[in-house]
Amino acid sequence: MPVSDDLLRATDPLVAGWIDRELNRQRSHLELIASENFTSAAVMAAQGSVLTNKYAEGLPSKRYYGGCEFVDAVEQIAIDRAKALFGAAHANVQPHSGAQANAAVFLALLERGDKILGMDLSHGGHLTHGSPVNQSGIYFEALHYGVDPASHRIDFDQVRELAHAHRPKLIICGYSAYPRVIDFECFREIADEVGAYLLADIAHIAGLVVAGVHPNPIPHCDVVTTTTHKTLRGPRGGLILTRDEALGKRFDKAVFPGTQGGPLEHVIAAKAVAFGEALQPEFKTYAADVVANARALAERLTARGLTLVSGGTDNHLMLVDLRSVDLTGKQADLLMSDVNITTNKNTIPFDPQSPFVTSGLRLGSPAMTTRGLGTTEFGEIGEIIANRLTQPTDARVVADCLERVASLCTRFALYPHLGRVVAPVG
């Protein structure tokens, strides 16, 4: 049942109106934010179900509330499907987000003041990997590695040097803005050399992993965390996976009662549906298309003279180094917004600009691949982006970009089952 149906419009037209506006925005824009996607109608139906009414602290068959027999069944389906997808021995599907999943892992494995080693945020890491503004950098001694200045690929010599010099308790791999394949085996070697736990945060690439178009970290890492949206195309939420049952029990306790109370069983139901979709053969095709489309976009941008961090992409995202066109990320993001393309400014390695300005623009292919666009269309998107970035003051270019974006959005409709929505003005 769509959230913006006639019942909601009649009951609360103010909220319904803003939801309708958002639906129109999603339909009329090219969504190129690498961390966003479009869930299926079935996922949204599960999340909007009566399971939202049920408290269920604990785990299936080990609850603190009565009346949990049916949510137990749903949560167990989600657990079993997650394990099957990733080849894990243990899965906890309760984390409300990827950040919550990481917080639970830290609680389970670390003591306050322990050392952790993760990628520098400005090189493509994540806030929860030891940023000083996040609890991971407040309660733990955070060390950071980066990418090689020339290749912009992970500097494993630096990772090894830092690991041996500081002996961290936990090493983190997995990123929010790294366009290349991650060598989990090399990280495992380094972790073993210094006796560290190894965490892979695959929030961005989880869908690629389960489809076999990116290496699986499960055989090499002590614990894997991810979000369930992004390339997995599920609801917003988190997930913890491990091949070690003993560690799995520690993670369960760290989630509840360690960092959360009652799980969101309606969201867990939506996770179960999304995992079921990802187990289908069609999902492998989708993930392969995500990678192919990203490469098509990267190749067209490069052909038009734009510079990409590391020279291209192996996964679903890329970073445009805007210094060659004398723009900042903040400026480029606004230029894209003016022609109905949704992106985000992003720091690049060794960025001279502040995180509020940046020198980069992050682009991703998952959402528009879900809408059905292929390599030809992503090549056209590359042309639109290049025209806008290289001719930012030309009104004719703006008009042409808007026309081409509108044509693509019309040809590849989003949520046609929701029908035509006319959002109110004002």
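Cβ coordinates are placed from backbone N, Cα and C, and glycine is handled just like the others.
Taken verbatim from Swiss-Prot:
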BINDING   Leu121, Gly125, His126, Leu127, Ser354, Pro355, Phe356  (6S)-5,6,7,8-tetrahydrofolate binding site
MOD_RES   Lys230  N6-(pyridoxal phosphate)lysine
SITE      His229  site 'Plays an important role in substrate specificity'
Site diameter for (6S)-5,6,7,8-tetrahydrofolate, Å, by largest Cα distance between Leu121, Gly125, His126, Leu127, Ser354, Pro355, Phe356: 16
His229 (site 'Plays an important role in substrate specificity') and Leu121 ((6S)-5,6,7,8-tetrahydrofolate binding site), distance between Cα atoms, whole Å: 21
Number of other Cβ atoms within 10 Å of the Cβ of His126 ((6S)-5,6,7,8-tetrahydrofolate binding site) across all protein chains: 23
Binding-site residues listed as Gly125, Pro355, least Cβ neighbours within 10 Å: Pro355
Candidate with the highest Cβ count within 10 Å, taken from the binding-site residues Leu121, Leu127: Leu121
His229 (site 'Plays an important role in substrate specificity'), number of other Cβ atoms within 10 Å: 27
Rounded distance in angstrom between the Cα atoms of Pro355 ((6S)-5,6,7,8-tetrahydrofolate binding site) and the residue listed as 'N6-(pyridoxal phosphate)lysine': 22
Cβ-Cβ neighbours of Ser354 ((6S)-5,6,7,8-tetrahydrofolate binding site) (radius 10 Å): 11
Integer Cα-Cα distance in angstrom, Gly125 ((6S)-5,6,7,8-tetrahydrofolate binding site) to Lys230 (N6-(pyridoxal phosphate)lysine): 16
